[in-house]
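Noted in TrEMBL for the protein shown:
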type	residues	note
TRANSMEM	A:20-39	transmembrane segment
DOMAIN	A:20-440	domain 'DUF112'
TRANSMEM	A:46-70	transmembrane segment
TRANSMEM	A:82-103	transmembrane segment
TRANSMEM	A:110-134	transmembrane segment
TRANSMEM	A:172-193	transmembrane segment
TRANSMEM	A:205-225	transmembrane segment
TRANSMEM	A:260-283	transmembrane segment
TRANSMEM	A:320-344	transmembrane segment
TRANSMEM	A:356-374	transmembrane segment
TRANSMEM	A:381-400	transmembrane segment
TRANSMEM	A:435-452	transmembrane segment
TRANSMEM	A:464-488	transmembrane segment
């Protein structure tokens, strides 16, 4: 049977009433879990595995449930990002850059709907990618070794420089702080504990959730306190709840580019949704014309990370299904679930149990469609959050944030750490340092250092390994392109001006 | 509505009676998995969780709490310092935890700080290469390393001093190679390791039998040796030679089990021990264990306590020998 | 001025951390870079940043869109931070429900709720969040002093 025959069979599995109902439950639970700051897809999936098992769901239904929850979480994470400037999970951090300014301008409904639409497009593109290219991409996923990852990180850092804007020094300092924070904890290469000062709470480094919630949630709580003091209610929901055709066309090119990039990055086991959303945001910003509003509510700045992040969530299924290698923390948990059902993901899965693979792929399509159908009417309901007075909203945010942080280690150490990071973040914010640069530095830092050191231990110190494969050449070329593009633009603008001057 | 209330009342009464029948059953049973969801510790907890309910030893399923950090260091300290008398809490451990304990990476507490409860299964270390690798046996591999230590890059899922490193170092030593001469790359976890091996970025992976068997079945990998005392049961697995039969006397079992806090009462400890004794003897448990790709290793109570202490002392000696600790 | 102070703090912190990083060496390692090169590189960059802020603070002065601080705001912010710290300290000790209730009442008062509204919000949040997370979402939360209530 050919691919489409299998896919049709898969839809047969996914569209059975029972499985449809399961997918609906999954998307709903996922949206809620994703919405709560600190709880992400890993929690959602981990929560449902024992339940699925206890209910005695057949394996394909269980997988559909988990896939629906996974995608639902990626959807839900953006809601608190856009409405409250508090990312529901790591990959939604970038969403807040332009999502929150849009909400502040009273366009919360448009922001939510365009991001839902972007997620849908991203998911659709990536799932199509899985159908068409999964076996091919398996090769691509393993072709990325330490050297390739390191060069990719260089590319990401160059993209990051595009964020600098009018305060290059502060952005650079913030990024270095982030890069530095990533080396706290046990060093994965040598096993040395760095900067833990005897604290076991730091043994595994600062947890991502703790940093995100400290920097964004706690500092936002403190900023809201100022606002209450000055008697402002920051964000009002008003106006349209849905984007119009013009806005949709405006972000279309961004959707397509980010969808492809997000999928390709998602397939790489070492990268993930957060990197995908950051890289696409930054490259879209670079590509945009000089008069863009990135950072102040540009719809493209919202569309790029949202498309990329759901595309990458679908992309991370590729190494899981074809190689049995987890493409993300969430797929690692899903592989654990599969073993409970005595299913071993890997190349043999396509041959031995095609109904499971294609049922899952079909259910990605179904869950994706279900999410957009369910999310658009819910926007009205979500924007109601903005009508809740601060005296009720802020304590709720603070408590949910604390639970999210506590859930990581089940120790109160992280609560203190989060408060400390929050206060530091608040001070830095007051001094006009971009907190997002700290966070992106943190994400990139660990990957960059460890992969460089791994690459050099493979080559025994020979730097040539960084230029040794076609992939590295392509990525290096992209690095050069990213640096050259703005220079070339400035040059051309000057040349034009000179031409105008000469004409006048 | 009435029906629901009745059902509720009925189940509440049942629960009450069940509670009375098993008066000793600990309240709020909880299993601490000292890692993020999805790993081996999670698996260990989930195994006990489903088995204890299935065998009707617990009336309500255990909660699983995740407490990642230092292969169990964070959980160990939390149990000893913050909840030493918590009767309902069992914590998962593995040989990897014992190895770190032996190297003093668990902070101020040593191996006698907790009560070792039960070991429920074991896995074994394995040395794997890609299916198209020129190395067919351990001899081939070790000869190549001996000839040119830089030509073979060995990857593992852990840092220097971790169990993955330790087993490689032991194999190298058994082959007359100084472990410091190997070319070693530390990856983070089994997924990264498999990627690097399949992508040809490393030539050898020092890994775990359960992690690599799926890849062997798929025809992508070959296991040169399993570090068990004799060949393991199972279709694919029984064809894998042990290091011992190839003339290298190295064994590396990775046992998985549980401990409880130091101040847990003897009655509660006896209840848990009894529950695990019943569990380990049952056939259903055997199936659950096999589903999770674990091999038999049943030990509880004092026997386990003695075993753990012997192991830790052994690891301590090894760490010193390899120059990891002073 | 604040820029200068920050510059000094950054510089001192970088030097201090660099001193402690100097000792990071593996018993033996297989890689040419080692565990201390990367942090030392970043710390020296951070120290340079600190010096820059110290020497040329004005240049780093961009237009800030954050409202200025006054004494009342600082006092409120401090109170809020103290509340968060206390909350962290009693989270396991008292247990989630009492700790959250008290914390939420304090926070609600701070954010301009009336006493009545704050107490209601506190009780609802304390119990509601416990039910939502512990019961529904399976995130185990400490019961603390209430642990004798649950069977």
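Each residue's number is its place along the chain shown, starting with 1.
Backbone N, Cα and C atoms are what each Cβ position is placed from, and that goes for glycine too.
Worth saying up front: this structure is predicted, and the values here are computed from it rather than measured.
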Long-range neighbours of the transmembrane segment (A:46-70), counting only residues six or more past its ends (CB under 8 A): 13-14, 18-19, 22-27, 29-30, 33, 313, 317, 330, 333-334, 336-338, 340-341, 343, 355-356, 359-360, 363-364, 366-367, 370
Among the ranges A:20-39, A:205-225, A:260-283, A:381-400, the one whose Cβ pairs under 8 Å to the transmembrane segment (A:320-344) are most numerous: A:260-283
Which of A:110-134, A:172-193, A:205-225, A:260-283 contacts the transmembrane segment (A:20-39) most, counting Cβ pairs under 8 Å: A:205-225
Dominant neighbour of the transmembrane segment (A:110-134) in A:172-193, A:205-225, A:260-283, A:435-452, by Cβ pairs under 8 Å: A:260-283
Beyond the flanks of the transmembrane segment (A:172-193) by at least 6 residues, Cβ under 8 Å: 157, 160, 164, 202-206, 211, 428, 433-435, 437-446, 448-450, 453-454, 457
Long-range neighbours of the transmembrane segment (A:205-225), counting only residues six or more past its ends (CB under 8 A): 37-38, 40, 84-87, 89-90, 93, 96, 181-182, 184-186, 234, 390, 394, 397-398, 401, 404-405, 408-409, 414, 417-426, 429, 435, 438-439, 442-443, 446
Other parts of the chain folded back onto the transmembrane segment (A:435-452), taken as Cβ under 8 Å at six or more residues beyond its ends: 90, 93-94, 97, 146-147, 149-150, 153-154, 156-157, 160, 163, 171, 174-183, 188-189, 205-206, 208, 211-212, 215-216, 219, 270-271, 274-275, 278, 425, 428-429
